[in-house]
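Peer 1: Pasting the feature list from TrEMBL:
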- D66: active site (ACT_SITE)
- D259: active site (ACT_SITE)
- C189-C389: disulfide bond (DISULFID)
- C248-C413: disulfide bond (DISULFID)
- C300-C349: disulfide bond (DISULFID)
- 48-385: domain 'Peptidase A1' (DOMAIN)
- N322: N-linked glycosylation site (CARBOHYD)
- 423-448: transmembrane segment (TRANSMEM)
Amino acid sequence: VLLRPASGSRQQDAPGAADGLALASDPGGTLNFLAMVENLQGDSGRGYYLEMLIGTPPQALNILVDTGSSNFAVAGVPDPDVTSYFNPELSSTYRSQGIEVTVKYSQGSWTGVLGTDVISMPKGLYGSYTINIATILESENFFLPGVKWHGILGLAYDALAKPSSSVETFFDSLVRQAKIPNIFSLQMCGAGLPVSGSGTNGGSLVLGGIEPSLYTGDIWYTPIKEEWYYQVEILKLEVGGQNLELDCREYNADKAIVDSGTTLLRLPEKVFSAVVQAIARTSLIQEFSSGFWTGSQLACWDRTEKPWSLFPKLSIYLRDENSSRSFRISILPQLYIQPILVIGDNLQCYRFGISSSTNALVIGATVMEGFYVIFDRAQRRVGFAVSPCAEADGSPVSEIEGPFTTADVASNCVSSVSFHEPVLWIASYALMSLCGIILLVLIVLLLIPPRCQHRYTDNDVVNDESSLVRHRWK
């Protein structure tokens, strides 16, 4: 095994239920799910995107599909890292709202102006729809070199929308205007293929329902714990069939979400450390550089060798809709030991598709490429089914099994103290107001003549311990 410095790839940092909603295709109506099959392109390293026509006359742009944010935004001015942008001055139907908006992600941010315009999707719903759209005027580490998308389609809940939850999201607008069911589903086909490659891997975003040809077996559903991100409840992790034996609350610290806009499987630091130790212990490689696990180095093998047989399977247990049961989704090494770079004629280099996180467990593209994922907002649940395209060398690289009992885990693995971001803002303003009142009182006390001041004793001293309010942006 040869170790090389990692390339410049950067992270962007969502019984089985056979009764899942599957609407019949209607070639003459709004919904034609078969027309949405293979409507995505991309790869797990740079995201999957959908072609969209914006404005009048229409301007064609590729839009990144992101279930971990809620704003629909497109490049609104030329940028060195994008090949196209939306020019609102050329659209007769564009209406500016004159509201500035800034969105920050785990990596990167942008600032733009809110407006509305009509959109249509060549491989989506029939018809045109009026949508809130932010034109990006400034950005930092958002558009990356080589990406083939020009904007982002946030498909999470309005609680994450900026500048406030009053901004109707793209999908909410479609549900209201097209009168489609409040459900969408996502398949990303990149298993075992080089990441950050040609960007021609396929995928499907089905708006309004489920397309049966995109999955095999049953759909297993887990409840959405909180409607902001697609927050779910993780019960335990296994590496090579061995339970990590961590308190289940560690897996949900401080949230566990399903997010197509995140490249890797991201784990809270304590969980990440345990997973790395378990993989290193059960793999057939006795000595392995720490740089591979942290993402600073690539591991390279002769191109005739396939290193996947050296690594164990990774399983994530999710709580079933019946809370006394669980099911597990498993990914084989072909999904988390990812080919990324070819050196010369003989070497293929791989990266570790798992990273540590300070504030969430994120089921990102590393895992999602193994499954057809259903975001059933109407019934407040996320479904997983095996994806037929999750194969490498003709063999499946993902599995779903269940049901299992939850008798060995806590009845609730999610912290009871969980706030939507708007609540955090309210709390922040309340604290600032309180601080202002206290400051005003202190100023008044300072202006009072000394003879009127109270002489404090030791019993009068009060210690005030403040809490930090953290932004819960992706």
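Backbone N, Cα and C atoms are what each Cβ position is placed from, and that goes for glycine too.
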Peer 1: Other Cβ atoms within 10 Å is the metric here; tell me which of the disulfide-bonded residues C189, C248, C300 scores highest.
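Peer 2: Answer returned by the neighbour count: C189.
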Peer 1: How many Å lie between the Cα of D66 (active site) and the Cα of D259 (active site)?
Peer 2: 7
Peer 1: At the Cα level, what's the spacing in Å between N322 (N-linked glycosylation site) and C413 (disulfide bond), rounded?
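Peer 2: Here the two Cα atoms lie 15 Å apart.
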Peer 1: Any idea what the Cα distance is from D259 (active site) over to C189 (disulfide bond), rounded to a whole Å?
Peer 2: 16
Peer 1: Across all the protein chains here, work out how many other Cβ atoms are within 10 Å of the Cβ of D259 (active site).
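Peer 2: Looking across every protein chain shown, the total is 26.
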Peer 1: Counting only residues 6+ away in sequence within the same chain, which have a CB under 8 Å from the CB of C413 (disulfide bond)?
Peer 2: E233, I234, L235, C248, R249, Y251, N252, R319
Peer 1: Give me the CA-CA distance between C389 (disulfide bond) and C349 (disulfide bond), in Å, as a whole number.
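Peer 2: Approximately 23 Å lies between the Cα of C389 (disulfide bond) and that of C349 (disulfide bond).
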Peer 1: Please average pLDDT over the domain 'Peptidase A1' (48-385) for the predicted structure.
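Peer 2: Over the domain 'Peptidase A1' (48-385), the predicted model scores a mean pLDDT of 94.
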Peer 1: Rounded to a whole angstrom, what is the C-alpha distance between C349 (disulfide bond) and C189 (disulfide bond)?
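Peer 2: Here the two Cα atoms are 20 Å apart.
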Peer 1: Using a 10 Å radius around each Cβ and all protein chains in view, which of these disulfide-bonded residues has the most neighbours: C349, C389?
Peer 2: C349
